[in-house]
Amino acid sequence: MTWFSTNWNIMFFPVYYSGHLATAQEKQSPMKKFRECSRIFGEDGLTLKLFLKRTAPFSILWTLTNYLYLLALKKLTATDVSALFCCNKAFVFLLSWIVLKDRFMGVRIVAAIMAITGIVMMAYADNFHADSIIGVAFAVGSASTSALYKVLFKMFLGSANFGEAAHFVSTLGFFNLIFISFTPVILYFTKVEHWSSFAALPWGCLCGMAGLWLAFNILVNVGVVLTYPILISIGTVLSVPGNAAVDLLKQEVIFNVVRLAATIIICIGFLLMLLPEEWDEITLRFINSLKEKKSEEHVEDMTDPSMHLRGRSRANGTVSIPLA
């Protein structure tokens, strides 16, 4: 499933180029646009050496992230897995703080502690049952490889625009098709995994999942360009209550207090991670502006002559209407 879905990433750049043809005033040829977007790999563009050197580690991390996520879904509910995957934001901060020397933020340390607390509580929700612990380990592993992917991308490739991201993801799809194809074959012959004949495979479900996966990657990159990254992150958190509603309606899953508390703690920690670096200064400025506004309104009330006239008239038992 992971290998089949990742192959669909090849279509990312053609979809991007179709959008370029439909919206751009100065249209470029496919090869010219391809070379322009290849600058994400360096000034020389995409060479065979860079293709193997830069694409291989990211392709492996991509495969591990999705493969471990699917393995976690075999052991846990979709709600638990999506909640645990939200911990990747905390892992990104810890890795960025250690590797990229990003700014230390106390609130994000608190968020990371909340994420770790939620992980332990999620494992405790089923009294540390073997399947539950294995499922939590798979989900946390998926979140960890996803965080490592993002940190390495920022370290080696920097910030990419939409076209460069489309080029890079399509390149990952090609690498997956050429070099990762032997992995499912090895898993099949070593009897780690098993699937029936190709005619009996649920191709409709596989294609639907792969199409949604591709749509997710496209929408995330489009959303970052057109809106704000924080909106994309909030969408990730909203997947938790969405999956919870589906689990309750379709699978009749019973959420105990520990599992519910763990999910809430992880989501709160995720939201704390979205606070900007200057959140404390912004908050202080906002509070001070509110205080200044209240004090100005109080001064205006004290110096308004109509208020004095109205108060004096009431004291004399009469009502006076001030002139405009």
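Even glycines carry a Cβ here, placed using N, Cα and C.
These figures come from a predicted structure and were not determined experimentally.
Taken verbatim from TrEMBL:
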TRANSMEM  51-69  transmembrane segment
DOMAIN    57-123  domain 'EamA'
TRANSMEM  81-100  transmembrane segment
TRANSMEM  106-125  transmembrane segment
TRANSMEM  132-153  transmembrane segment
TRANSMEM  165-189  transmembrane segment
TRANSMEM  201-220  transmembrane segment
TRANSMEM  226-246  transmembrane segment
TRANSMEM  253-275  transmembrane segment
REGION    297-324  region 'Disordered'
COMPBIAS  315-324  compositional bias 'Polar residues'
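Residue counts of the domain 'EamA' (57-123) by helix, strand and coil are 56 helix, 0 strand, 11 coil (DSSP-based). The average pLDDT computed over the domain 'EamA' (57-123) stands at 86. Counting residues 6+ beyond its ends, the transmembrane segment (201-220) has Cβ neighbours under 8 Å at 1, 4-5, 7-9, 11-12, 15, 66, 166, 169, 195, 232 in the same chain. Through the fold, the transmembrane segment (226-246) approaches residues 77-79, 82-83, 86, 89, 220, 255, 263, 267, 270-271, 273-274 of its own chain, all at least 6 residues removed from its boundaries and within a Cβ separation under 8 Å.
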